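**Q** Would you mind keeping the following structure in view while I ask a few things?
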Amino acid sequence: MQVFFQTIIGGVSLGAIYALVALGFSLVYRTMGLVNFAHGNVVTVGAYLASTFYLTAKLPFAVAMVVAIVVTAAIGLVIERVLRPLENRDFDLMLIGTIGFGIVLDALVIMIWGATGRAVPSPVQTAPLSLFGLRIRTYDLVVLAIAAVATVLLVLFLSRTKRGAAMQAVAMDHEAATAVGIHVGRSNAIAFMIGAGLAALAGGLVGPLLYVNPALGGTLGIKGFAAAILGGFGSIPGAIVGGLAIGILDSFTAGHFQGYSELVTFLVFTVIIMIRPTGVFGERTVNRA
Amino acid sequence: MARSRPLYALAVLALVLAGCSAPGSDKKDSASDTGPIKIALVDAQSGQLSSLGAWELKGAKLAVTEWNAQGGINGRQIQLDVFDDQGDPTTGTNLARKIQSEGYLAMIGTAESAVTIAMAPTLKTAEIPNITSGQSPGLVAVGSEFLFLNGPTSTTYDETLAKYIVDQQGIKSIAMITNNGSYGKGEHDAFTKALAKRSVTPVADQVVTTDQKDFSAALTSIRQKNPKLIFLGAEEVESGLIVKQARDLGITAPFAGGAPQGTPVFLNTAGAKNVEGTIVSSPYLSNDISPASKKFADAYKAAYNEDAELHGAKAYDGTQIMLTALKTSNVATGKALADAIRATKYQGLLGGFAYDNTGVGIFATSIGKIENGKLVAATG
């Protein structure tokens, strides 16, 4: 029983990170119908920026995170601006463009920070909490809280602000949105910006849990993408549920199937997707590709 | 039929051309008496294993620079070119063909047993001697007369470790956690065998994948067994993460392992406090062991402004052996060079090298312990 609960705890903390990555994927997809294949690499960039501001510039962790999010969001804006001319012409090219951006970012990271990577010490130094023989890292609680706050803010932005409503409108029908005077390009830019900011949040938060190196975003990107699909691509609650589900699933398969856990995780994932192709919350209202 | 005939003719022509030109041009490139001696260094310069590749490159480059400063071999400079295998076997096999076609005499690397094993058949056919930093017993199983190791195999590492832990310290309650990659698998098998020889059965035997990030399940089952010691068979970063998470879960037993556990990356990933007491089996414990290692460490520090460690030292030794063999054989190639490497007796940083038929040249490691954030020789 102890193993069971401890496994869930371990899965939830990485699951929250997957959820943040999945949110970024989903936000861009629901707005533009585009899968941003550079998203994983943006996570790496965010992780490096956060660790640089934290370790090298010696800023407090929270400040380092905010600066990293702002800078990474700006990078998101640049990606969108470069790809914008393709938006109404050839969608496949745009897709390939994001893959290209991913490769460029990957190379830039290695050029700037080197290939070796760095360890980020945990900003929360308190010992893990002990509860009925279970151990809960305090930093995990911080990660969960921040992920929850970020999700609530995102939902509020999309449902309560004018700009958010405009983005929803573009997501539903971009031609009709244009007709009523909504600037589609700006809407897309905001989606990319927030997506990149979420990637930086995920990357920065995961740094102290893992090891920041150029390969970091690759793993998180794939798991995050799977999470987004599992929850229903484009759905905000779906991204959260999908992220936590992939995290916990991963944790359990690791315990039961050991060396074959990766295989089993994705087999289970495939079976779920075969039974329910639109994911848990998917309605397929967004389909512009 | 009519359409395929010119194609067929072309194919025959290409074959004929390849048949007469490839070996000739190979020879001309490599065995010519002038121009630099071309040696390829293949290692991960990107990806998760890139720290290994970076250390290797630094060690090998240091040896080559020394030789070049002394006038090279037979008046020819040594040219060390770097290829990035990304720690990926498929990329490795492509690179093996590339260094063959570009006329490299010999190869240094890789640091990943799986990549080296993948490259071995191509290099064997091409008769390019290769000194690797891998340590998996699988390298010996390949049975290539062109493949040499610049250090002991996992069998040696783990036999020494088991001897210290079981025979000397009398610890019998041992848990294992290893990954299913080439290195981890080798460690798992070698250590299990060393334990079996002493009729010790591990209390837990957990296997993880190479890019797993959360080890709660494996570590919680280990914690329930309450072992006195945990054997760790995974690369630097993953080992560090395992130790960090183990301490968070309240596991206090010390860890023990091979080369990766003696590196700064392991120490930084896990946190210095968490690795205190880790037992390490390594052929190169520190930079202060001998006058030669002190000299090497000083040169390393001067060149790269960082402290030398095992992998750089191994690559340095391997490159020295390769260059010595090139010198004694009068810049031979192919089989003659491989024989020259086998005949080379070399007193290196890791100890005395004398190669046997399996391509292994050294059969001893020492036991070290991490104390106050530093790896020191274990006492008793």
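Every residue, even glycine, has its Cβ placed from backbone N, Cα and C.
Any TrEMBL annotation is an automated prediction that lacks curation.
Not my notes, these are from TrEMBL:
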TRANSMEM  A:6-27  transmembrane segment
TRANSMEM  A:34-55  transmembrane segment
TRANSMEM  A:61-79  transmembrane segment
TRANSMEM  A:91-116  transmembrane segment
TRANSMEM  A:136-158  transmembrane segment
TRANSMEM  A:190-212  transmembrane segment
TRANSMEM  A:224-248  transmembrane segment
TRANSMEM  A:260-279  transmembrane segment
**Q** Is it true that the transmembrane segment (A:61-79) and the transmembrane segment (A:224-248) have 3 or more CB pairs under 8 Å, sequence gap of 6 or more?
**A** no
**Q** At a C-beta cut-off of under 8 Å, are there same-chain residues at least 6 beyond the transmembrane segment (A:136-158) that contact it? List them, or none.
**A** 9, 12-13, 16-17, 19-20, 23, 27, 122-124, 126-130, 164-165, 167-168, 194, 198, 201, 205, 208-209, 236, 240
**Q** Are there residues at least 6 beyond the ends of the transmembrane segment (A:224-248) whose Cβ is under 8 Å from a Cβ of it, and what are they?
**A** 7-8, 11-27, 29-30, 35, 39-40, 43, 151, 154-155, 158, 171, 202, 265-266, 269, 272-273, 278-283, 285-286
**Q** I need to check the long-range neighbours of the transmembrane segment (A:6-27): which residues 6 or more away from its ends have a CB within less than 8 Å of a CB in the stretch?
**A** 35-36, 39-40, 42-43, 134-137, 140, 143-144, 147, 150-151, 154, 191, 194-196, 198-199, 201-202, 205-206, 209, 220-221, 223-225, 227-228, 231, 233-236, 238-240, 242-252, 255
**Q** List, by number or range, the same-chain residues at least 6 past the transmembrane segment (A:91-116) whose CB is under 8 A from its CB atoms?
**A** 33-42, 44-45, 48, 52, 75, 79, 82-83, 213-214, 288-289
